[in-house]
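Contents: one structure, followed by commentary.
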Amino acid sequence: MDYSNKQFDVFLLDDVMDAKNKEESKPAPVPSPPPLFSMKSQRLRIVLMMMFGLYAIVSMRVNLGMAIVCMVNTTAFPRSIPANFTQLQESNEENPRCERRAEEMASHGYNGTLLWSPQMQSILLSATFYGSLATVSISGALADKFGPKLILGGTCFVYILVTMATPFLAHTSYLAYFVARVIMGLGEGFLFPSLGSMAGRWFPPNERSTMSAIYTSGNQLAASLSSVISAGLCGSSFGWPAIFYLFGTLGVIWLVGWCVAASNYPDENAFISDRERSYLKEVIPVKKKNEKAFPWRAILRSAPIHACICAQFSFNITTTIMQGFLPMYFRDELLLSLSQNGIYTTVPFIFQLVTKLILSFIADKLKQKNILTPTECAVFFQTLCAVGATVSTLCLALLPSCERPWLAAIFLALLGASVSANVPGFFTALLSIAPQHSGMMTSIARTSASIANVVAPMWFTLVTILKPDYTWPIIFVTIAILNTISGVVFYFYGDAEIQEWALAPDQSNKMQSITPRSIIVQPVEIALDDKQR
């Protein structure tokens with residue numbers, strides 16, 4: 001055959017096969033997302049159930065803070081006077097604007113009968129933190145293995161038992177009640193890792209900021225509403241036992257609904273639509289049973305994980321001080337009345353609740369419109385949190401006084417709003433780094449949170465002993481320093497993309513180089529005109 005008028009095109013065989021394989025393995029188009037805020041949205045129902053579950057469980061823990069003033073006969077023990085009380089009293093005489101009535105300084109018994117000293121009360125209130133330290137390190141692995149539905153339901157069941165038994169245990173034995181609170185803390189170690197595992201299985205990446213903001217709102221609702229409800233029941237004819245019976249009943253109602261409507265995966269849910277199931281199956285990686293073991297070595301060497309741990313520690317130091325010690329700040333430092341104290345205490349939590357919903361919605365929109373990548377978005381909001389928290393706590397350390405208590409309300413509002421940026425910041429990054437191991441990721445971060453929950457009251461007590469005249473400036477400056485450090489660390493090392501070590505084996509091995517060894521020679525005939533002939 002004459003090839004004089006033919007031109008040869010050379011193709012690498014591997015190029016041809018690669019093109020063929022790419023054509024055959026092209027992924028099916030992702031279904032259009034069903035609307036999140038819809039009556040038919042099962043993932044919306046799941047996130048609302050998570051929010052109410054968090055509210056019920058946290059309320060069963062924090063309601064003791066208000067109930068204990070009704071339970072204990074505080075007049076049976078001498079009240080310790082702050083070292084700077086004399087100075088404050090002298091200052092009040094010179095400045096009537098800081099004066100408060102003598103009865104506000106007195107401790108009211110509220111008809112309590114339990115003879116628990118202030119030290120015993122403090123130990124009792126911190127018992128759950130010690131319990132959580134024992135389980136938080138393994139809780140994420142258990143949630144990922146056995147499913148968050150079972151673990152979270154079991155946690156609520158433990159809370160219900162301890163809460164319902166509180167009136168009996170408190171009257172029977174202080175030691176018995178302390179042990180029960182420690183057992184409650186064992187359940188608390190499973191709480192957030194289970195929620196994190198559930199979030200990783202149900203929430204698409206472009207919705208995680210909004211969904212995380214919704215379900216973590218249960219924390220702020222519990223901190224603000226439980227005190228109001230408990231105070232009302234405390235002064236009622238039912239007495240303080242009604243507090244524990246009410247919140248225990250709420251826990252039972254939630255647990256029944258959770259067992260009926262929740263599932264570990266969208267595929268297992270009986271109430272989800274086919275469209276939503278298909279969509280979630282496409283956009284959320286599912287952990288398979290034959291996958292490799294948990295990548296401990298990669299996690300221990302992962303800078304993004306360390307950045308999240310650092311952010312979690314500073315976050316919990318800040319929130320522990322806000323939740324546990326702000327009433328003391330308003331009482332001893334700003335000399336507010338009891339009614340004003342209650343109003344001022346709710347300020348940071350209200351702003352935190354509202355702002356985090358707004359910021360998380362904005363964060364998801366920025367990612368959906370490709371204005372910011374997930375990593376850029378997380379770093380931006382975490383930096384916003386660090387700057388806002390640092391500025392507000394420094395201002396709290398320097399500016400408010402008994403003459404200007406309204407300044408404290410302003411800066412606490414700024415602090416609450418700033419802290420809310422953690423949700424689209426490190427919290428969303430934590431759920432995105434390894435969605436298939438989200439329960440364990442949350443567990444690792446919550447270990448640092450549990451340590452912070454214990455360190456914060458210990459640090460506060462130490463400062464009050466060593467520097468009683470400068471307690472609150474030192475506390476606020478410490479919070480500012482911790483937020484600055486965590487912000488800098490996350491700025492340089494934070495990441496919100498799925499890490500390579502977290503990918504399934506079939507995903508991580510897709511791109512492999514192939515050495516070409518064969519060629520195809522294909523003749524192509526060229527038409528010649530008469531002149532060329």
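Cβ coordinates come from backbone N, Cα and C, glycine included.
Feature annotations, reproduced from TrEMBL:
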DOMAIN    51-498  domain 'Major facilitator superfamily (MFS) profile'
TRANSMEM  46-69  transmembrane segment
TRANSMEM  123-143  transmembrane segment
TRANSMEM  150-170  transmembrane segment
TRANSMEM  176-200  transmembrane segment
TRANSMEM  221-238  transmembrane segment
TRANSMEM  244-265  transmembrane segment
TRANSMEM  298-322  transmembrane segment
TRANSMEM  342-363  transmembrane segment
TRANSMEM  375-400  transmembrane segment
TRANSMEM  406-431  transmembrane segment
TRANSMEM  443-466  transmembrane segment
TRANSMEM  472-493  transmembrane segment
Looking at the transmembrane segment (342-363) and the transmembrane segment (221-238), are there 3+ C-beta pairs under 8 A, with each pair at least 6 apart in sequence?
yes
Among the recorded stretches 123-143, 244-265, 375-400, 443-466, which has the greatest number of Cβ pairs closer than 8 Å to the transmembrane segment (46-69)?
244-265
Annotated stretches the transmembrane segment (298-322) and the transmembrane segment (472-493) touching (3 or more Cβ pairs under 8 Å)
yes
Long-range CB partners for the transmembrane segment (150-170) (under 8 A, at least six residues beyond its ends), listed in sequence order, are 53, 56-57, 60-61, 64, 71, 114, 139, 142-143, 176-177, 180-181, 183-184, 186-188, 190-191, 193-195, 197-198, 240-241, 244-245, 247-248, 251-252, 254-255, 258-259
Please tell me whether the transmembrane segment (123-143) and the transmembrane segment (443-466) touch - that is, whether there are at least 3 C-beta pairs under 8 Å between them, with each pair 6 or more apart in sequence.
yes
Please figure out which one of 176-200, 221-238, 375-400, 443-466 racks up the most CB pairs under 8 Å against the transmembrane segment (472-493).
375-400
Sequence-distant contacts of the transmembrane segment (176-200), meaning Cβ under 8 Å and at least 6 residues beyond its ends, amount to 46, 50, 54, 57, 60-61, 64, 123-124, 127-136, 139-140, 142-144, 147-149, 151-152, 154-156, 158-159, 162, 165-166, 169-170, 208, 211-212, 215, 262, 264, 284, 430-431, 435-443, 446, 449-450
Lying 6 or more residues past either end of the transmembrane segment (443-466) yet within Cβ distance under 8 Å of it, the residues of that chain are 122, 126, 129-130, 132-133, 136-141, 143, 189, 192-193, 196, 299, 305, 308-310, 312-317, 320-321, 324-325, 430, 474-475, 478
In this predicted model, the domain 'Major facilitator superfamily (MFS) profile' (51-498) has a mean pLDDT of 81
